[in-house]
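These notes concern the structure reproduced below.
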Amino acid sequence: MLAENDHDLHIFVVSDFTGETAHSVSLAAARQFPDKRIKFTRHRYIKDPSMAEAVCLEAKEAGAVMVCTLVERKIREAFRKEAFLKGVELVDIFGPLMDAFSSHLGVEPLEEPGLMHQMDEAYFKRVKAIEFSITCDDGSNPHLLEEADLVILGVSRTCKTPLSMYLANKGYKVGNIPLVPELSPPDELFRLSEGKVIGLVIEPSALIQIRRERLQMLGLDPAKASYAQRDRVEKELASAKMLMKRVGAKVFDVTGRAIEETAQEILDLLK
């Protein structure tokens, strides 16, 4: 039989932070009862044991089940006590888990609310950084460069994109611009602060080898392409170095280096 407000079960989500964890767990369980109407009410940011009495009384009057994620022991105990006294069913998600972990580890938990939310924020920061770096890859969308944490400059095949993606996975929004002597870089580049701009250089012989291998992979003859000829490569690198100096870029030599090595040097620079 449905209650007056047209639901079969009322769940009180009780949390010392946003209640997202308790709500997600409750919702996952509720999916197992697809034919039933389940209502959720959140009581968030519970910071004091004295709040237990009023919340439990409200739960009793609503005929609700309480689902709690409370990391502080004294608050959990206050809610368990009040729920028992008022005959309210309470499901404590964190308490048994933390007690078991504490017993096995031999240490007490931090009892700091919101740590999972902090991890979520870091995750979403990485996602946004990756999306930005894809959007601003290979000179695309230069109007967004002002929003970048870093902008990487370099001639073709100096690992601009892999390095950008690596840094994006660390949470940095990175744009990259390919440098070609015959093409002017976007005007936005010259409006960036010097600390944002990274230049990648490489020994000509190493770049020639990389480009030759790339052409062969594409089924092309390296001997017939100026792209992999020494005079062309040296011209590109000389032009790139001049531009990097002009915009005050911090220059890194990537010759024979793994992406992780260069990335770590850049990260050290940012600290």
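Every residue, even glycine, has its Cβ placed from backbone N, Cα and C.
Sequence annotations record features per position, and here TrEMBL assigns ADP binding site to GLY154, VAL155, SER156, ARG157, THR158, CYS159, LYS160, THR161. With a 10 A radius on its CB, CYS159 (ADP binding site) counts 20 other CB atoms from all the protein chains.
Other Cβ atoms within 10 Å of the Cβ of THR158 (ADP binding site) number 29 in total over all chains. Excluding GLY154, VAL155, SER156, ARG157, THR158, CYS159, LYS160, THR161, which define the ADP site, the same chain contributes ASN176, PRO178, LEU200 within 8 Å (Cβ to the Cβ centroid), listed in sequence order. Mapped onto three states, the DSSP output places GLY154 (ADP binding site) in strand.
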